[in-house]
Amino acid sequence: MNNQPSFRARVQKFGSFLSGMIMPNIGAFIAWGLITALFIPTGWWPNEQLAELVGPMITYLLPLLIGYTGGKMIYDVRGGVVGAAATMGVVVGADIPMFIGAMIMGPLGGFLIKKVDQVLQPKVRSGFEMLVNNFSAGILAAILAIVAFLGIGPVVVSFSNVLASGVEVIIGAGLLPLASIFIEPAKVLFLNNAINHGILSPIGIDQAASAGKSILFLLETNPGPGLGVLLAFMVFGKGMAKQSAPGAAVIHFAGGIHEIYFPYILMKPTLILAVIAGGMSGVFTFVLFNAGLVAVPSPGSIFALLAMTPRGEYAGVLAGVIIATVVSFVIASIILKTSKATAEDLTEATSKMEGLKGKESSVKEALITDDEQPQATEVNKIIFACDAGMGSSAMGASILRDKVKKAGLSIEVANTSINQLPDDVDIIITHKDLTDRAKAKNPHAEHISVENFLSSPKYDELVNRLKS
(Lines of atoms letter the chains of each structure in order from A; the text may use other names.)
(Lines give C-alpha, C1' and ligand atoms only; values in the text may rest on other atoms or scores of the structure.)
Protein backbone atom coordinates (compact mmCIF):
# COMPACT_ATOMS: atom_id res chain seq x y z
CA MET A 1 0.00 0.00 0.00
CA ASN A 2 2.85 2.38 0.76
CA ASN A 3 4.15 2.15 -2.80
CA GLN A 4 0.85 3.08 -4.42
CA PRO A 5 1.02 6.87 -3.92
CA SER A 6 4.41 7.04 -5.60
CA PHE A 7 3.15 4.78 -8.39
CA ARG A 8 0.15 7.07 -8.99
CA ALA A 9 2.44 10.08 -9.01
CA ARG A 10 4.67 8.36 -11.55
CA VAL A 11 1.71 7.56 -13.79
CA GLN A 12 0.54 11.17 -13.56
CA LYS A 13 4.03 12.45 -14.30
CA PHE A 14 4.43 10.19 -17.33
CA GLY A 15 1.00 11.12 -18.62
CA SER A 16 1.76 14.79 -18.07
CA PHE A 17 5.00 14.39 -20.02
CA LEU A 18 3.14 12.85 -22.98
CA SER A 19 0.47 15.52 -23.01
CA GLY A 20 3.17 18.17 -22.52
CA MET A 21 4.45 17.42 -26.02
CA ILE A 22 0.98 17.97 -27.51
CA MET A 23 -0.56 20.80 -25.48
CA PRO A 24 1.83 23.61 -26.53
CA ASN A 25 1.16 22.73 -30.18
CA ILE A 26 -2.63 22.55 -29.99
CA GLY A 27 -2.90 25.79 -31.97
CA ALA A 28 -1.16 24.11 -34.92
CA PHE A 29 -3.45 21.08 -34.64
CA ILE A 30 -6.50 23.35 -34.67
CA ALA A 31 -5.11 25.22 -37.68
CA TRP A 32 -4.73 21.92 -39.53
CA GLY A 33 -8.22 20.85 -38.46
CA LEU A 34 -9.81 24.08 -39.67
CA ILE A 35 -8.01 23.94 -43.02
CA THR A 36 -9.11 20.32 -43.39
CA ALA A 37 -12.73 21.06 -42.47
CA LEU A 38 -12.91 24.02 -44.83
CA PHE A 39 -11.01 23.13 -47.98
CA ILE A 40 -11.01 19.36 -48.60
CA PRO A 41 -13.49 18.14 -51.26
CA THR A 42 -16.15 17.39 -48.62
CA GLY A 43 -15.46 20.59 -46.64
CA TRP A 44 -17.42 23.81 -46.35
CA TRP A 45 -15.57 25.62 -49.13
CA PRO A 46 -13.76 23.03 -51.26
CA ASN A 47 -10.58 24.49 -52.69
CA GLU A 48 -8.15 22.19 -54.43
CA GLN A 49 -5.23 24.61 -54.14
CA LEU A 50 -5.62 25.39 -50.42
CA ALA A 51 -6.33 21.73 -49.67
CA GLU A 52 -2.72 21.03 -50.62
CA LEU A 53 -1.78 22.39 -47.17
CA VAL A 54 -3.45 19.45 -45.43
CA GLY A 55 -0.97 16.72 -46.36
CA PRO A 56 2.32 18.51 -45.61
CA MET A 57 1.01 19.90 -42.32
CA ILE A 58 0.01 16.52 -40.91
CA THR A 59 3.00 14.68 -42.39
CA TYR A 60 5.78 17.14 -41.55
CA LEU A 61 4.73 20.18 -39.51
CA LEU A 62 2.84 18.55 -36.65
CA PRO A 63 5.26 15.64 -35.98
CA LEU A 64 8.26 18.00 -36.13
CA LEU A 65 6.59 20.36 -33.65
CA ILE A 66 5.97 17.43 -31.30
CA GLY A 67 9.55 16.22 -31.70
CA TYR A 68 10.95 19.69 -31.05
CA THR A 69 8.75 20.19 -27.99
CA GLY A 70 9.67 16.76 -26.60
CA GLY A 71 13.38 17.48 -26.97
CA LYS A 72 12.98 20.96 -25.51
CA MET A 73 11.25 19.54 -22.44
CA ILE A 74 14.36 17.47 -21.77
CA TYR A 75 17.15 19.91 -22.67
CA ASP A 76 15.77 23.29 -23.67
CA VAL A 77 16.23 24.60 -27.24
CA ARG A 78 19.33 22.52 -27.90
CA GLY A 79 17.43 19.36 -27.06
CA GLY A 80 14.52 20.54 -29.18
CA VAL A 81 16.69 21.02 -32.26
CA VAL A 82 18.24 17.56 -32.00
CA GLY A 83 14.83 16.07 -31.21
CA ALA A 84 13.27 17.65 -34.31
CA ALA A 85 16.11 16.44 -36.54
CA ALA A 86 15.79 12.93 -35.12
CA THR A 87 12.04 13.06 -35.68
CA MET A 88 12.60 13.79 -39.36
CA GLY A 89 14.04 10.29 -39.69
CA VAL A 90 10.82 8.57 -38.64
CA VAL A 91 8.71 11.05 -40.63
CA VAL A 92 10.48 10.36 -43.93
CA GLY A 93 10.76 6.65 -43.21
CA ALA A 94 7.01 6.13 -42.84
CA ASP A 95 3.95 6.49 -45.02
CA ILE A 96 1.63 7.49 -42.16
CA PRO A 97 1.64 10.56 -39.88
CA MET A 98 4.37 9.77 -37.37
CA PHE A 99 3.07 11.20 -34.09
CA ILE A 100 4.01 8.26 -31.91
CA GLY A 101 7.46 8.23 -33.52
CA ALA A 102 7.82 11.94 -32.79
CA MET A 103 6.90 11.36 -29.14
CA ILE A 104 9.74 8.82 -28.98
CA MET A 105 12.48 10.48 -31.01
CA GLY A 106 12.00 14.03 -29.69
CA PRO A 107 12.68 13.25 -26.01
CA LEU A 108 15.32 10.68 -27.00
CA GLY A 109 17.22 13.30 -29.00
CA GLY A 110 17.02 15.78 -26.13
CA PHE A 111 18.17 13.18 -23.60
CA LEU A 112 21.14 12.01 -25.68
CA ILE A 113 22.47 15.49 -26.51
CA LYS A 114 22.20 16.34 -22.81
CA LYS A 115 24.35 13.31 -21.95
CA VAL A 116 26.82 14.13 -24.74
CA ASP A 117 27.22 17.68 -23.41
CA GLN A 118 27.79 16.39 -19.89
CA VAL A 119 30.67 14.27 -21.19
CA LEU A 120 32.24 16.77 -23.63
CA GLN A 121 31.82 20.20 -22.03
CA PRO A 122 34.26 19.67 -19.12
CA LYS A 123 36.92 18.60 -21.64
CA VAL A 124 36.53 21.41 -24.20
CA ARG A 125 39.32 23.97 -24.25
CA SER A 126 38.56 27.66 -24.19
CA GLY A 127 37.73 29.04 -27.64
CA PHE A 128 36.46 25.74 -29.04
CA GLU A 129 33.06 25.74 -27.29
CA MET A 130 30.99 26.83 -30.31
CA LEU A 131 32.74 24.42 -32.66
CA VAL A 132 32.25 21.45 -30.35
CA ASN A 133 28.67 22.38 -29.44
CA ASN A 134 27.54 22.78 -33.04
CA PHE A 135 29.24 19.69 -34.41
CA SER A 136 28.31 17.44 -31.48
CA ALA A 137 24.66 18.35 -31.94
CA GLY A 138 24.88 18.02 -35.72
CA ILE A 139 26.63 14.66 -35.67
CA LEU A 140 24.26 13.22 -33.08
CA ALA A 141 21.20 14.56 -34.94
CA ALA A 142 22.41 13.00 -38.20
CA ILE A 143 23.03 9.63 -36.54
CA LEU A 144 19.64 9.64 -34.84
CA ALA A 145 17.84 10.62 -38.06
CA ILE A 146 19.49 7.72 -39.92
CA VAL A 147 18.75 5.25 -37.11
CA ALA A 148 15.15 6.46 -36.95
CA PHE A 149 14.76 6.20 -40.73
CA LEU A 150 16.17 2.68 -41.00
CA GLY A 151 15.21 1.08 -37.69
CA ILE A 152 12.82 2.92 -35.41
CA GLY A 153 10.44 4.17 -38.11
CA PRO A 154 9.42 0.71 -39.39
CA VAL A 155 8.90 -0.53 -35.82
CA VAL A 156 6.68 2.43 -34.96
CA VAL A 157 4.71 1.97 -38.19
CA SER A 158 4.06 -1.67 -37.27
CA PHE A 159 3.06 -0.66 -33.74
CA SER A 160 0.75 2.07 -35.07
CA ASN A 161 -0.88 -0.39 -37.46
CA VAL A 162 -1.49 -2.83 -34.61
CA LEU A 163 -3.08 -0.07 -32.51
CA ALA A 164 -5.23 1.08 -35.42
CA SER A 165 -6.33 -2.48 -36.15
CA GLY A 166 -7.18 -2.99 -32.49
CA VAL A 167 -9.30 0.15 -32.45
CA GLU A 168 -11.11 -0.96 -35.61
CA VAL A 169 -11.84 -4.35 -34.04
CA ILE A 170 -13.20 -2.70 -30.90
CA ILE A 171 -15.39 -0.34 -32.93
CA GLY A 172 -16.57 -3.15 -35.20
CA ALA A 173 -17.52 -5.30 -32.21
CA GLY A 174 -19.52 -2.45 -30.69
CA LEU A 175 -17.32 -2.35 -27.59
CA LEU A 176 -16.15 1.26 -27.83
CA PRO A 177 -18.70 2.55 -25.25
CA LEU A 178 -16.96 0.36 -22.65
CA ALA A 179 -13.94 2.65 -22.93
CA SER A 180 -15.81 5.10 -20.69
CA ILE A 181 -15.43 2.66 -17.79
CA PHE A 182 -11.72 3.46 -17.84
CA ILE A 183 -11.69 6.99 -19.28
CA GLU A 184 -14.10 8.71 -16.87
CA PRO A 185 -12.46 7.55 -13.59
CA ALA A 186 -9.02 8.26 -15.04
CA LYS A 187 -10.11 11.82 -15.88
CA VAL A 188 -11.10 12.45 -12.27
CA LEU A 189 -7.67 11.23 -11.18
CA PHE A 190 -6.16 14.02 -13.31
CA LEU A 191 -5.11 11.80 -16.21
CA ASN A 192 -7.45 13.52 -18.67
CA ASN A 193 -4.73 15.28 -20.65
CA ALA A 194 -2.61 12.14 -20.73
CA ILE A 195 -5.51 10.08 -22.08
CA ASN A 196 -6.62 12.60 -24.68
CA HIS A 197 -3.34 14.01 -25.94
CA GLY A 198 -1.02 11.13 -25.10
CA ILE A 199 -3.08 8.16 -26.30
CA LEU A 200 -6.29 8.97 -28.19
CA SER A 201 -5.10 11.94 -30.26
CA PRO A 202 -2.13 10.25 -32.02
CA ILE A 203 -4.31 7.29 -33.05
CA GLY A 204 -7.22 9.56 -33.95
CA ILE A 205 -5.08 11.77 -36.17
CA ASP A 206 -3.97 8.71 -38.12
CA GLN A 207 -7.63 7.78 -38.61
CA ALA A 208 -8.58 11.33 -39.59
CA ALA A 209 -5.79 11.45 -42.16
CA SER A 210 -7.21 8.40 -43.95
CA ALA A 211 -10.96 8.63 -43.23
CA GLY A 212 -11.41 12.38 -42.81
CA LYS A 213 -12.59 12.07 -39.19
CA SER A 214 -12.17 10.00 -36.03
CA ILE A 215 -14.56 9.11 -33.23
CA LEU A 216 -11.61 8.88 -30.83
CA PHE A 217 -11.52 12.68 -30.62
CA LEU A 218 -14.94 12.51 -28.93
CA LEU A 219 -14.25 9.94 -26.21
CA GLU A 220 -12.54 12.13 -23.62
CA THR A 221 -13.61 15.59 -24.80
CA ASN A 222 -17.40 15.08 -24.63
CA PRO A 223 -18.58 17.72 -22.10
CA GLY A 224 -21.91 15.94 -21.59
CA PRO A 225 -21.09 13.66 -18.61
CA GLY A 226 -19.56 16.45 -16.55
CA LEU A 227 -22.33 18.88 -17.47
CA GLY A 228 -24.96 16.41 -16.28
CA VAL A 229 -23.33 16.17 -12.85
CA LEU A 230 -23.06 19.94 -12.51
CA LEU A 231 -26.71 20.39 -13.52
CA ALA A 232 -27.71 17.85 -10.88
CA PHE A 233 -25.82 19.87 -8.25
CA MET A 234 -27.61 23.01 -9.44
CA VAL A 235 -30.97 21.36 -8.74
CA PHE A 236 -30.34 18.93 -5.88
CA GLY A 237 -27.02 20.03 -4.39
CA LYS A 238 -26.46 21.59 -0.97
CA GLY A 239 -24.49 24.55 0.30
CA MET A 240 -21.38 25.74 -1.50
CA ALA A 241 -21.57 22.93 -4.06
CA LYS A 242 -24.98 24.13 -5.24
CA GLN A 243 -23.96 27.79 -5.24
CA SER A 244 -20.84 27.23 -7.33
CA ALA A 245 -22.37 24.71 -9.77
CA PRO A 246 -23.91 27.24 -12.23
CA GLY A 247 -20.62 29.05 -12.79
CA ALA A 248 -18.78 25.75 -13.01
CA ALA A 249 -21.26 24.48 -15.61
CA VAL A 250 -20.66 27.51 -17.85
CA ILE A 251 -16.89 27.21 -17.54
CA HIS A 252 -17.02 23.47 -18.21
CA PHE A 253 -19.44 23.46 -21.15
CA ALA A 254 -18.50 26.70 -22.89
CA GLY A 255 -14.92 27.13 -21.71
CA GLY A 256 -13.98 23.47 -22.02
CA ILE A 257 -12.17 23.24 -18.67
CA HIS A 258 -13.27 19.77 -17.57
CA GLU A 259 -11.18 19.87 -14.38
CA ILE A 260 -13.83 22.15 -12.89
CA TYR A 261 -16.22 19.25 -12.18
CA PHE A 262 -13.64 16.86 -10.72
CA PRO A 263 -14.00 18.17 -7.12
CA TYR A 264 -17.75 17.52 -7.26
CA ILE A 265 -17.03 13.86 -8.07
CA LEU A 266 -14.34 13.61 -5.39
CA MET A 267 -16.73 15.05 -2.79
CA LYS A 268 -19.25 12.27 -3.57
CA PRO A 269 -17.42 9.45 -5.37
CA THR A 270 -20.56 7.46 -6.18
CA LEU A 271 -21.18 10.12 -8.82
CA ILE A 272 -18.47 8.38 -10.86
CA LEU A 273 -21.29 6.03 -11.90
CA ALA A 274 -23.13 8.99 -13.41
CA VAL A 275 -20.24 10.14 -15.58
CA ILE A 276 -19.43 6.56 -16.64
CA ALA A 277 -23.03 5.96 -17.71
CA GLY A 278 -23.16 9.35 -19.40
CA GLY A 279 -19.91 8.69 -21.21
CA MET A 280 -21.01 5.24 -22.36
CA SER A 281 -24.37 6.50 -23.65
CA GLY A 282 -22.66 9.38 -25.44
CA VAL A 283 -20.12 7.11 -27.13
CA PHE A 284 -22.91 4.68 -28.08
CA THR A 285 -24.75 7.57 -29.73
CA PHE A 286 -21.61 8.67 -31.57
CA VAL A 287 -21.21 5.12 -32.88
CA LEU A 288 -24.85 4.97 -34.02
CA PHE A 289 -24.49 8.23 -35.95
CA ASN A 290 -21.00 7.34 -37.21
CA ALA A 291 -19.88 10.65 -35.73
CA GLY A 292 -16.33 11.91 -35.62
CA LEU A 293 -14.19 15.05 -35.64
CA VAL A 294 -11.54 16.13 -38.12
CA ALA A 295 -9.02 17.04 -35.40
CA VAL A 296 -8.62 17.10 -31.65
CA PRO A 297 -10.81 19.76 -29.97
CA SER A 298 -8.91 21.51 -27.23
CA PRO A 299 -10.13 22.57 -24.80
CA GLY A 300 -13.17 20.26 -24.66
CA SER A 301 -15.68 23.06 -25.17
CA ILE A 302 -18.90 22.58 -27.10
CA PHE A 303 -17.68 25.31 -29.44
CA ALA A 304 -14.41 23.46 -30.07
CA LEU A 305 -16.34 20.25 -30.79
CA LEU A 306 -18.60 22.00 -33.29
CA ALA A 307 -15.66 23.75 -34.95
CA MET A 308 -13.97 20.38 -35.56
CA THR A 309 -17.17 18.65 -36.77
CA PRO A 310 -17.27 17.72 -40.49
CA ARG A 311 -19.83 19.44 -42.63
CA GLY A 312 -23.29 17.91 -42.34
CA GLU A 313 -22.51 15.77 -39.27
CA TYR A 314 -23.57 18.10 -36.46
CA ALA A 315 -26.62 16.02 -35.55
CA GLY A 316 -24.56 13.04 -34.41
CA VAL A 317 -22.13 15.11 -32.35
CA LEU A 318 -24.87 17.15 -30.67
CA ALA A 319 -26.98 14.05 -30.03
CA GLY A 320 -24.06 12.35 -28.28
CA VAL A 321 -23.43 15.38 -26.08
CA ILE A 322 -27.12 15.83 -25.21
CA ILE A 323 -27.77 12.17 -24.42
CA ALA A 324 -24.61 11.97 -22.30
CA THR A 325 -25.78 15.04 -20.39
CA VAL A 326 -29.28 13.68 -19.80
CA VAL A 327 -28.12 10.24 -18.66
CA SER A 328 -25.47 11.71 -16.37
CA PHE A 329 -27.97 14.23 -14.95
CA VAL A 330 -30.61 11.59 -14.20
CA ILE A 331 -28.22 9.23 -12.42
CA ALA A 332 -26.45 12.04 -10.55
CA SER A 333 -29.83 13.44 -9.46
CA ILE A 334 -30.89 10.06 -8.06
CA ILE A 335 -27.61 9.76 -6.17
CA LEU A 336 -27.87 13.28 -4.72
CA LYS A 337 -31.56 12.93 -3.79
CA THR A 338 -31.08 9.58 -2.05
CA SER A 339 -27.89 10.61 -0.27
CA LYS A 340 -28.35 11.02 3.48
CA ALA A 341 -25.45 13.41 3.88
CA THR A 342 -26.31 17.06 3.36
CA ALA A 343 -22.76 18.36 3.25
CA GLU A 344 -19.21 17.15 3.59
CA ASP A 345 -16.15 18.77 5.04
CA LEU A 346 -12.79 18.43 3.35
CA THR A 347 -11.51 15.71 5.67
CA GLU A 348 -14.54 13.49 5.06
CA ALA A 349 -14.31 14.04 1.30
CA THR A 350 -10.64 13.09 1.39
CA SER A 351 -11.44 9.86 3.23
CA LYS A 352 -14.05 8.97 0.63
CA MET A 353 -11.58 9.84 -2.11
CA GLU A 354 -9.31 7.13 -0.70
CA GLY A 355 -12.04 4.59 -1.34
CA LEU A 356 -12.50 5.79 -4.91
CA LYS A 357 -8.78 5.60 -5.66
CA GLY A 358 -8.28 2.34 -3.77
CA LYS A 359 -5.40 3.77 -1.75
CA GLU A 360 -4.53 5.97 1.17
CA SER A 361 -4.66 9.61 0.17
CA SER A 362 -1.19 11.06 -0.06
CA VAL A 363 -2.57 14.53 0.67
CA LYS A 364 -4.75 13.77 3.66
CA GLU A 365 -2.10 14.72 6.20
CA ALA A 366 -1.22 17.83 4.26
CA LEU A 367 -4.86 18.91 4.24
CA ILE A 368 -5.26 18.47 7.97
CA THR A 369 -2.00 20.17 8.91
CA ASP A 370 -2.01 22.88 6.27
CA ASP A 371 -1.81 25.67 8.85
CA GLU A 372 1.43 24.14 10.16
CA GLN A 373 3.21 24.37 6.82
CA PRO A 374 5.98 26.99 6.58
CA GLN A 375 4.76 30.29 5.16
CA ALA A 376 6.66 32.57 2.82
CA THR A 377 7.76 35.75 4.60
CA GLU A 378 8.22 37.93 1.50
CA VAL A 379 5.89 37.23 -1.40
CA ASN A 380 6.54 38.60 -4.89
CA LYS A 381 5.22 35.81 -7.10
CA ILE A 382 2.32 33.38 -6.74
CA ILE A 383 1.89 30.55 -9.23
CA PHE A 384 -1.19 28.40 -9.85
CA ALA A 385 -0.09 25.05 -11.22
CA CYS A 386 -2.08 22.24 -12.79
CA ASP A 387 -1.30 19.32 -15.06
CA ALA A 388 -1.38 21.23 -18.35
CA GLY A 389 -1.04 24.78 -17.06
CA MET A 390 -3.81 26.07 -19.32
CA GLY A 391 -7.17 25.19 -17.81
CA SER A 392 -8.04 25.13 -14.14
CA SER A 393 -4.84 26.89 -13.06
CA ALA A 394 -5.56 29.81 -15.40
CA MET A 395 -9.02 30.10 -13.92
CA GLY A 396 -7.74 30.12 -10.35
CA ALA A 397 -5.00 32.60 -11.18
CA SER A 398 -7.54 34.97 -12.70
CA ILE A 399 -9.69 34.88 -9.56
CA LEU A 400 -6.79 35.47 -7.16
CA ARG A 401 -5.21 38.10 -9.43
CA ASP A 402 -8.42 40.12 -9.21
CA LYS A 403 -8.48 39.81 -5.40
CA VAL A 404 -4.82 40.83 -5.14
CA LYS A 405 -5.42 43.84 -7.38
CA LYS A 406 -8.44 44.99 -5.36
CA ALA A 407 -6.36 44.65 -2.18
CA GLY A 408 -3.78 47.02 -3.64
CA LEU A 409 -0.97 44.47 -3.50
CA SER A 410 1.88 44.50 -6.02
CA ILE A 411 2.26 40.73 -6.39
CA GLU A 412 2.58 38.78 -9.62
CA VAL A 413 -0.04 36.02 -10.00
CA ALA A 414 0.45 33.62 -12.91
CA ASN A 415 -0.28 30.04 -13.95
CA THR A 416 1.79 27.25 -15.45
CA SER A 417 2.07 23.47 -15.62
CA ILE A 418 3.70 21.61 -12.76
CA ASN A 419 6.51 20.51 -15.06
CA GLN A 420 7.34 24.15 -15.82
CA LEU A 421 7.33 25.53 -12.27
CA PRO A 422 10.03 28.23 -11.91
CA ASP A 423 12.52 28.38 -9.05
CA ASP A 424 11.79 31.99 -8.10
CA VAL A 425 8.16 31.45 -7.07
CA ASP A 426 7.20 32.17 -3.46
CA ILE A 427 3.79 30.49 -3.20
CA ILE A 428 2.46 27.61 -5.32
CA ILE A 429 -1.25 26.83 -5.34
CA THR A 430 -2.41 23.45 -6.65
CA HIS A 431 -5.33 21.08 -6.45
CA LYS A 432 -4.87 18.78 -3.46
CA ASP A 433 -4.32 15.74 -5.71
CA LEU A 434 -1.37 17.45 -7.42
CA THR A 435 0.36 19.05 -4.44
CA ASP A 436 2.83 16.20 -3.95
CA ARG A 437 4.05 16.54 -7.53
CA ALA A 438 4.40 20.30 -7.11
CA LYS A 439 6.39 19.85 -3.89
CA ALA A 440 8.71 17.41 -5.61
CA LYS A 441 9.26 19.91 -8.43
CA ASN A 442 9.82 22.91 -6.13
CA PRO A 443 10.27 21.93 -2.47
CA HIS A 444 11.42 25.38 -1.33
CA ALA A 445 8.25 27.37 -2.04
CA GLU A 446 5.19 27.56 0.20
CA HIS A 447 2.53 25.16 -1.09
CA ILE A 448 -1.20 25.71 -0.70
CA SER A 449 -3.68 22.95 -1.55
CA VAL A 450 -7.22 23.76 -2.66
CA GLU A 451 -10.14 21.51 -3.44
CA ASN A 452 -11.80 23.73 -6.03
CA PHE A 453 -9.98 26.36 -8.09
CA LEU A 454 -13.25 28.18 -8.75
CA SER A 455 -14.17 28.86 -5.13
CA SER A 456 -11.80 28.40 -2.24
CA PRO A 457 -11.84 30.27 1.09
CA LYS A 458 -8.06 30.04 1.09
CA TYR A 459 -7.88 32.83 -1.51
CA ASP A 460 -9.33 35.38 0.89
CA GLU A 461 -7.27 33.97 3.76
CA LEU A 462 -4.10 34.38 1.69
CA VAL A 463 -4.95 37.94 0.61
CA ASN A 464 -5.72 38.94 4.21
CA ARG A 465 -2.44 37.40 5.34
CA LEU A 466 -0.48 39.26 2.66
CA LYS A 467 -2.14 42.57 3.59
CA SER A 468 -1.24 42.23 7.27
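Just so you know, glycine gets a Cβ as well, placed from its N, Cα and C.
Copied over from Swiss-Prot:
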- 14-344: domain 'PTS EIIC type-2' (DOMAIN)
- Cys386: phosphocysteine (MOD_RES)
- 1-25: topological domain 'Cytoplasmic' (TOPO_DOM)
- 73-135: topological domain 'Cytoplasmic' (TOPO_DOM)
- 188-274: topological domain 'Cytoplasmic' (TOPO_DOM)
- 337-468: topological domain 'Cytoplasmic' (TOPO_DOM)
- 26-47: transmembrane segment (TRANSMEM)
- 52-72: transmembrane segment (TRANSMEM)
- 136-157: transmembrane segment (TRANSMEM)
- 167-187: transmembrane segment (TRANSMEM)
- 275-294: transmembrane segment (TRANSMEM)
- 315-336: transmembrane segment (TRANSMEM)
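Outside the transmembrane segment (136-157) by six or more residues, the chain places 78, 81-82, 85-90, 92-96, 98, 100-101, 104-105, 108-109, 112-113, 116-117, 120 with a CB less than 8 A from a CB of the stretch. Under a cutoff of 8 A between CB atoms, and with a sequence separation of 6+ in the same chain, the neighbours of the residue listed as 'phosphocysteine' are Glu259, Ser392, Ser393, Asn415, Ser417, Ile418, Thr430, His431, Leu434, Phe453. Helix, strand and coil counts under DSSP for the topological domain 'Cytoplasmic' (188-274) come to 72 helix, 1 strand, 14 coil. Here the transmembrane segment (52-72) has long-range neighbours at 20-22, 24-25, 28-29, 31-32, 35-36, 39-40, 79-84, 86-88, 90-91, 97-99, 101-103, 105-107, 109-110, 113, 205, 209, meaning same-chain residues at least 6 beyond its ends whose C-beta is under 8 angstroms from one of its own.
Across the topological domain 'Cytoplasmic' (1-25), mean pLDDT in this model comes to 69.
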